[in-house]
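As written in TrEMBL, here are the features:
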REGION    1-23  region 'Disordered'
TRANSMEM  43-60  transmembrane segment
DOMAIN    51-340  domain 'Sugar phosphate transporter'
TRANSMEM  72-91  transmembrane segment
TRANSMEM  111-132  transmembrane segment
TRANSMEM  175-192  transmembrane segment
TRANSMEM  198-218  transmembrane segment
TRANSMEM  230-250  transmembrane segment
TRANSMEM  270-292  transmembrane segment
TRANSMEM  304-321  transmembrane segment
Amino acid sequence: MAKGGGERGALLPVSADDGKGNGGGGAGEDAALFKGSAMTRRGAVAALSYMACSVLLVMFNKAALSSYNFPCANVITLLQMVCSTCLLYVLRRLKIISFTNSDPSVPSDSLFFVPFRILLRTTPLSLAYLLYMLASMESVRGVNIPMYTTLRRTTVVFTMTMEYFLAKQKHTPPIIGSVALIVFGAFVAGARDLSFDARGYAIVFVANITTAVYLATINRIGKSSGLNSFGLMWCNGLVCGPSVLFLTYIQGDLKRAMEFPYLQSPGFQAVLLFSCILAFLLNYTIFWNTILNSALTQSMCGNLKDFFTVGIGWVLFGGLPFDLLNVIGQGLGFLGSGLYAYCKIKGK
C-alpha cells in the first residue's frame, strides 16, 4: 500500500528532485534541452507553464477589477487562498499528492499534514507571500495592462539584489547586461506615461519589491524545508488565510463584496472561478520554476510572457494609445529577456 501511495504522490512534478532515481524515464525528463544547455527539459516545461498561467491570471484579474469594477481586490485574494487551501486538503487527504519531498508517513488525523516546526520555519515565506499577493492584486487596478507589464519588468533588478544579499549569488556580465537592457526599455516605454497615475506606479513598484523578496525567500527556504511545491503552498494558505480574512473584515471589504451589483452575474462568477483556478496553478508553477531553475529565471520568465500579456491586454482592455517610443521600449525589454534566455539555455 505504501508503494502505491508513493507512486500516486509522484504523478505531478513538485520539486527539483522529481524524476531522479526513477529509472530511465526520470533521467530522460531531467536531461538538458540540448548538449551544453544549463536548463533541463523539466525546467523549460516549468517555465512555460508559469508563463501561460501568469498571462491568463492577469487577464481574469483585470476583468474582475476593471471591466466589472469590483471594488475589493483583497476579497479576490482571499477567495484564491481559500480555494487553493481547500483543494490541497482534498488532494492530500485522498493521497493524490504529498507535501514533502521524501514523502514520510504522516498520521491521517494530523491537522496540518506537516510538522508544526516546519510550519513555523516557513512563516517568513508565508509573510512574504502575503505581501506579494496583496500588492500584486492591487497593482493591476491602477495601471493599464501594457504599462503594468512594462513596470513589472523592473522586478529583475530587485530580484538580483535580494539573491545577492540572501544567497550571495553573483551573475555574469551578459546576465547583468540583459537586465540593464530590460530596465532601460521599461523607462523608455514609460517616458510619456510617467505622469499618468503616480499612485498606480508606486503600487506597482511596491509589488516589484515584494515579488523579489518572495522569490528569493522561495529559493532560500523552499529547498531547505523538506517541503515540495504543494507543501509550501499549503503552509502559505494556513498562515496567510486567517490574516487576509481579518484584513478584509476590518476594512469592510466583505460587506461591500456581498453588496456588489454583479455578484449574481454568471459572467462575473465565471471570471472569479477561473481566477481562483489560475491562482492555484500559478502558485504551483512559481514554486516549481523557482526551485528547478532560480529566482532570477522566474523573474525573467515573467518578462518573456509579457509579450503575450501586452498584446492581449492592449486588444481587450486598451488604456494606452499607440506610441512609437512605447513600442521601442517594449522591444528593448523583450530583447533583454531574450538575451537572458539565450545565456541561460546556452549555459553562459
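Backbone N, Cα and C atoms are what each Cβ position is placed from, and that goes for glycine too.
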Taking the transmembrane segment (198-218) as reference, which of 111-132, 230-250, 270-292 has the most Cβ pairs under 8 angstroms? 111-132
Restricted to the domain 'Sugar phosphate transporter' (51-340), the mean pLDDT of the model is 79
